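Enquirer: According to Swiss-Prot, the protein carries these features:
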type: ACT_SITE; residues: Asp324; note: active site, for OMPdecase activity
type: ACT_SITE; residues: Lys326; note: active site, for OMPdecase activity
type: ACT_SITE; residues: Asp329; note: active site, for OMPdecase activity
type: BINDING; residues: Asp271, Lys293, Leu294, His295, Asp329, Thr333, Ser387, Gln446, Gln447, Trp448, Gly466, Arg467; note: UMP binding site
type: BINDING; residues: Lys293, Lys326, Asp329, Thr333, Ser387, Gln446, Gln447, Trp448, Gly466, Arg467; note: orotidine 5'-phosphate binding site
type: REGION; residues: 8-226; note: region 'OPRTase'
type: REGION; residues: 227-232; note: region 'Domain linker'
type: REGION; residues: 233-496; note: region 'OMPdecase'
Amino acid sequence: MSSLTDKTRNGALKRNLLRQMLKASVFKFGEFQLKSGQISPIYIDLRECFGHPGLLMLISEAISKQVEISEVQYAGVLGIPYAALPYASVAAGNYLKKPLLIVRKEAKSYGTKKLIEGLYQPNDRLILIEDVVTTGGSILDVVKVLHTENLVASDVFCILDREQGGRQKLQDAGVTLHSLLDMQTVLTFLYSTGAIGDEQWHGIVQALNLPYTSPTKLEINSELENLSSLPYVENVRTPLAERESLTESALIKKILGIMRRKKSNLCLAVDYTTVEQCLQMIELAGPFVLAIKLHADAITDFNEEFTRKLTTMANDMDFIIFEDRKFGDTGNTNLLQLTGAQKIANWADVVTVHAVQGSDSIAGVFRKLAKDPTYRLSGVLLIAQLSTKGSLTALEGYTETAVKIANENRDVISGFITQTRVSACSDLLNWTPGVNLDAKSDSAGQQWRGVDEAIEVQQNDIIIVGRGVTSSSEPVQQLKRYRQIAWDALTRSDDSI
């Protein structure tokens, strides 16, 4: 039931699922006879979801997430006929990327006359997907059919466990039930949102012989939650000292070392257009920040003397130089831009790169420069998410692909520009823009949130702050303020600090 209140992507997904199910009239109240013959005052009609494509996709995503969390090894996905087939089809094809199998209730009298349809080999292990589990009888019938073809099925994933003996019956037969929802969660949600009252709650519990004595009311917002604003992974963040000892990246070791020495996970975005403005702000910020972020192509009088002073200041004040160039071209063009007029590779420690160009264009060129001691450049940050409203990084699959590219090239990719933690790899750092303690948005589509949300809820490591400091009449005070709040948020549960 913690999923009704926890601040995780998986929890938000379940809450959104229940909200949409309620809106789609999935929960029906009256007098209904179940397949088992039992009379129930509530009927949960998951077939209603078929008429709502968004809800069908959401359920399939949620089931797929349950499969991933379970870490069960399997070769294919089988939907229990027939109500679970749409969910199994979407989950297998769109999320799990595994073959779909179907068991017929009876073999055809023509054609191949097969009872089991799909791609499989003898002794393959399958996972089963069901919509509602009451007694578990339908699942065990399918398991018996699979055994006749030497197929193994010991795990079933369902949308709803009605908590009426099915789990135990399946367990006795060697089948583990993984449920997305159970009746306690459903009833708590319905009660908390006012869909049912005390009398209905007690009537349902009594009729279905559920082991609850009194309803629980939780504070549950009725609005849908933005799933992309929550971490993609839910494992506990590794302590900084351990991350520093585990990583093989020289840049990440350097960054984590600076963070621990200066007690700072603050990156300042110095978005000025003249060298003088930049140097003045960097002089003030240097003692308090982990990194200084620049847009070199926005500086109208950019010159080599500026980069000489910049690197000297970085060495003296112990900070990283971060050029936010957002490279996104072919490998050869990237190389020309890195070593061309502004000689970015000579003075920047790290640069940003779009994932759109693909792994080959990123890894080859940037690895070559990062391994060459004649250049200062030693790593890249891959753009996984942006903080602007309507960003195309929110398109399905973009962030996941960026994470895959980074995971496979951790010697040169040191982390992400992101809104939330997107990778389970502890040696990839999550840098997040869009942080402001005093404003929520501007007129150009920029959206901001607070430090605690960015660090503790969304599990980012480093905050990137710009106008919250640079537009202030007291920038040093703001630097101290952001540094302290961000560091406290990052290290609150870190025993290594």
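The backbone N, Cα and C atoms fix where each Cβ goes, and this holds for glycine too.
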Enquirer: What residue among the recorded positions Asp271, Asp324, Asp329 has the most other CB atoms lying within 10 A of its CB?
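Expert: That would be Asp324, with the highest Cβ count within 10 Å.
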Enquirer: Among the recorded positions Lys293, Lys326, point out the residue whose Cβ has the most other Cβ atoms within 10 Å, with all shown protein chains included in the count.
Expert: Lys293
Enquirer: Measure from the CA atom of Ser387 (UMP binding site) to the CA atom of Asp329 (active site, for OMPdecase activity) and give the result in Å, rounded to a whole number.
Expert: 22
Enquirer: Taking just the CA atoms, what is the gap between Lys293 (orotidine 5'-phosphate binding site) and Asp324 (active site, for OMPdecase activity) in Å?
Expert: 6
Enquirer: Rounded to a whole number, how many Å is the Cα of Asp324 (active site, for OMPdecase activity) away from the Cα of Ser387 (UMP binding site)?
Expert: 14
Enquirer: State the Cα to Cα distance, in Å, between Asp271 (UMP binding site) and Lys326 (active site, for OMPdecase activity), rounded to an integer.
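Expert: That separation, Cα to Cα, works out to 15 Å.
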Enquirer: 10 Å Cβ neighbour count around Ser387 (UMP binding site)?
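Expert: Total other Cβ atoms inside 10 Å, all chains included: 21.
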Enquirer: Please list, in sequence order, the residues in the chain of Leu294 (UMP binding site) that are at least six apart in sequence and whose C-beta is under 8 Å away from its C-beta.
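Expert: Leu294 (UMP binding site) has long-range Cβ partners Val270, Cys278, Ile321, Phe322, Glu323, Asp324.
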Enquirer: Using Cα coordinates, what distance in whole Å links Lys326 (active site, for OMPdecase activity) and Gly466 (UMP binding site)?
Expert: 17
Enquirer: For Gly466 (UMP binding site), what is the tally of other C-beta atoms lying within 10 angstroms of its C-beta?
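Expert: That number is 19.
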